[in-house]
Amino acid sequence: MTSTNDIRRSFLDYFEGQGHARVPSAPLVPHNDPTLMFVNAGMVPFKNVFTGLETRPYSTATSSQKCVRAGGKHNDLDNVGYTARHHTFFEMLGNFSFGDYFKEQAITHAWTLLTREWGLSPDKLTATVYHTDDQAFELWKKIAGLPEERIIRIPTKDNFWAMGSDGPCGPCSEIFYDHGDHIWGGPPGSPEEDGDRFVEIWNLVFMQYLQENDEIVSELPRPSIDTGMGLERVAAVLQGVHDNYDIDVFKALIAESGALTGASTTGEHQASHRVIADHLRSAGFLVADGVLPANEGRGYVLRRIMRRAMRHAHILGAKEPLMYRMVPSLVAEMGGAYPELVRAQPLIEATLLQEETRFRQTLANGLKLLDEATSGMGEGDTLSGETAFKLYDTYGFPYDLTEDALRPQGMAVDRDGFDAAMKRQKDAARAAWKGSGAKASDDVWFDIAEELGGTEFTGYTATDGEGQVVAIVKDGARVEKAGQGDEVVILTNQTPFYGESGGQMGDAGVISGDRVKAAVSDTSKPLGRLHAHQAVIESGELAVGDTVKLAIDVARRDAIRANHSATHLLHAALRNRLGGHVTQKGSLVAPDRLRFDFSHPSALTAQEIADIEAEVNAEIRANEAVSTRLMTPDDAVAAGALALFGEKYGDEVRVLSMGRQTDKRYSVELCGGTHVRATGDIAVFKIISESAVSSGVRRIEALTGEAARLWLADRDAKLREVAASLKTSPDEVAARVVALVEERRKLEKELAEAKKALALGGGAGAAAPAGPEQIGGVNFVGQIIDGLDPKALRGAVDEAKGRIGSGVVAFVAVNEGRAAIAVGVTDDLTGSLSAVELVKRGVAALGGQGGGGRPDMAQGGGPEGNNGPAAIEAVKGALAEEKEAA
Ligand code: SER
């Protein structure tokens, strides 16, 4: 038997052998179509190549594209499990020509692969063409030799394929395989076509036109080819089975759920096993592509898929979570072709386990309610919308799960009643909001969130992508359009722009479209649900409904990521080094720096700071991948996450783990922010300050990456500059500075000595000593000494007194504009003269007040440093007066 893996490989090998570029599957989350929930056809990633908006280095390509049809326009969720060919996840094999070959070559390739390479009997194959496409009709006759009755003209939309109401489209030709007359059904176009005998296996689309609003508006730049073949269907054909769920991949997964639950895989439990196998594939691939369960957007679709499977696990009698135990089988079957599945295996398992653990807790209660509510009901009855809403609201049963649970008993759900109950709840929330005293200016956000739902954030994995403008707010009010120069807030259905929260600053970047360019300076997050892009329209015009490209400033975000992850490492290092009392008190994560406030009673020592810095850098160099999980707050704490008391968390938290693993990861924290992929992306961590914020709260400011490098480079440049002016090398600067300080101290001392000596009229090299003057028969020495330390003034006066033997000495020391004065009177004269009285006159001359001491020595000072001579004269005058009076 040819395995599904072999079939996929042989398809790609064939087209690669025919010169097609082998293109890996794009992620399930479409990057080029904001209104598309998930990639649902092989051509989606090439949409812009067909229309000519984008060019690639190849003109033909082949791929095996992951597709999900659940949620949004193509929603097969409800049918899965009950039919032979519905899947939420499937693979589409395709070959594409972007203006290279057209119909003839496309048909030739398809026919060659099916009949020659794969050996299908031509008798089993039938083709359809669009009713007016004579050319395709003739080509099938010519190339395949199909008889005319097996080339069927179809006049309906079935043979005119369009991506959506907008986008490339064209007539198509489908190839059907006849599973044989033991199965009921007729060829396409016949009254029995809905039977299962004839199965479409390959669709060849002759892409020629561009549609807008379901109208053909133009021709594509060049006629192109898009083909799509469901791998599961063709595998069924090549493996000789009729039912997709009987192919090898599904058999393996179903055998696993059978083994794990002990429930028979046939009979009444068949549908449940199929649901589980299918949904496991969707869930696994969606998680691998970055979607995690959530309460809105794609995450909610994923949650619905998971919960539907989990309800079926319950039906099978699983006593504990089942899905996560099946992931190894999924990886064994499909990990070879999709390495992302292998990489994400731990995350897929953890996410499924967490979701199933939680869901099991509410499932039992919900099903009990459902049983009670339906006890008096029978086939053909309808469950009230009110009850369905209660199941949704209280027990987390998505609407379609309730519908699915009732289907086997032939019961339906009142959808209108459900919607009405939902509306009543929203109205009540609105009334509560109005009554809560919320700011009137916030009404606009509340209205938008209520009407349009929250913004789906795609920025954990993407840095750009498309979005649809759902609202524009100008001067606090909603507007339909904005033009050049307008300052507006732009809201889109999805965005990679992070809205400021949890200390992390919002993203900046560009929003652009065919006819508009807007610069986004910041993104906020009103009500915690909307991502509000603060923007200026730089050119053109923007209107609600426009599809735009949103691109964040990646360098800025990368710097923010590094700083955010570094705060987690810092937090862990602080707790390791200082103790478990350290808790986060606040943080700021900006592109150029980070700030982290934490509880700790005293300043950190230089050694502590150095140790913390070293520890963080060691984790950075270990370069371990950062991982994200969703958990309940309790599970998160059990996993070692730091519980942040006093903060409110929902029933589900993101848990960020980073650093090396010992008994647990180095850092485990609850966090909604954006982070590096591996700690090595932080590059380097440098603490630049540590200070007090308030009593018991310290603050560390630090840099990472390029900012840290620039800071270190700047420090180095300054050091070199200092070294150059000291005429030494940076290594010698410290010793040189110590020596200089020492030298300076010595010189200052010597200088003071010299000044003193000078004042005393002696000392080596001083001018010849001036002899004392005689005032009223008393020896008097007066001098002004610039720069003499006022503390040295008394010593100088004492020495001068000793030298003159008997008399009065008055010295003024002038420093930086201020003057200090000291007057000394030798002991023999203190009976008739008081130094205190004399100095007071000098102080007054210096613009000061008072002056005091003892009769033999008194001091004072004043601000008028220039008046030194006047102060000496004043003392002299006072001395003369005293003497005259005596
Ligand atoms: N786009 C077409 C389809 O999805 C052929 O690939 O059927």
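Even glycines carry a Cβ here, placed using N, Cα and C.
As recorded in TrEMBL:
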DOMAIN    2-714  domain 'Alanyl-transfer RNA synthetases family profile'
BINDING   His564, His568, Cys671, His675  Zn(2+) binding site
COMPBIAS  848-865  compositional bias 'Gly residues'
REGION    848-870  region 'Disordered'
>> Counting only residues 6+ away in sequence within the same chain, which have a CB under 8 Å from the CB of His568 (Zn(2+) binding site)?
In response: Leu656, Met658, Ser667, Glu669, Cys671, His675
>> List the residues in the vicinity of the Zn(2+) site, defined as same-chain residues other than His564, His568, Cys671, His675 with C-beta within 8 angstroms of the site's C-beta centre.
In response: Arg561, Ser565, Thr567, Val626, Leu656, Met658, Glu669, Gly673, Thr674
> Can you tell me how the residues of the compositional bias 'Gly residues' (848-865) break down into helix, strand and coil by DSSP?
Replying inline: 1 helix, 9 strand, 8 coil
> Tell me, by DSSP, whether Cys671 (Zn(2+) binding site) is helix, strand or coil?
Replying inline: coil
> Taking the Cβ of His564 (Zn(2+) binding site) as reference, which residues of that chain separated by at least 6 in sequence fall under 8 Å from it?
Replying inline: Gln504, Val589, Leu594, Cys671, Gly673, Thr674, His675
> Relative to the Cβ position of Cys671 (Zn(2+) binding site), how many further Cβ atoms are located within 10 Å?
Replying inline: 23
>> Is it possible to get the count of other C-beta atoms within 10 angstroms of the C-beta of His675 (Zn(2+) binding site)?
In response: 24
>> Across the domain 'Alanyl-transfer RNA synthetases family profile' (2-714), what does the mean pLDDT come to, as a whole number?
In response: 92
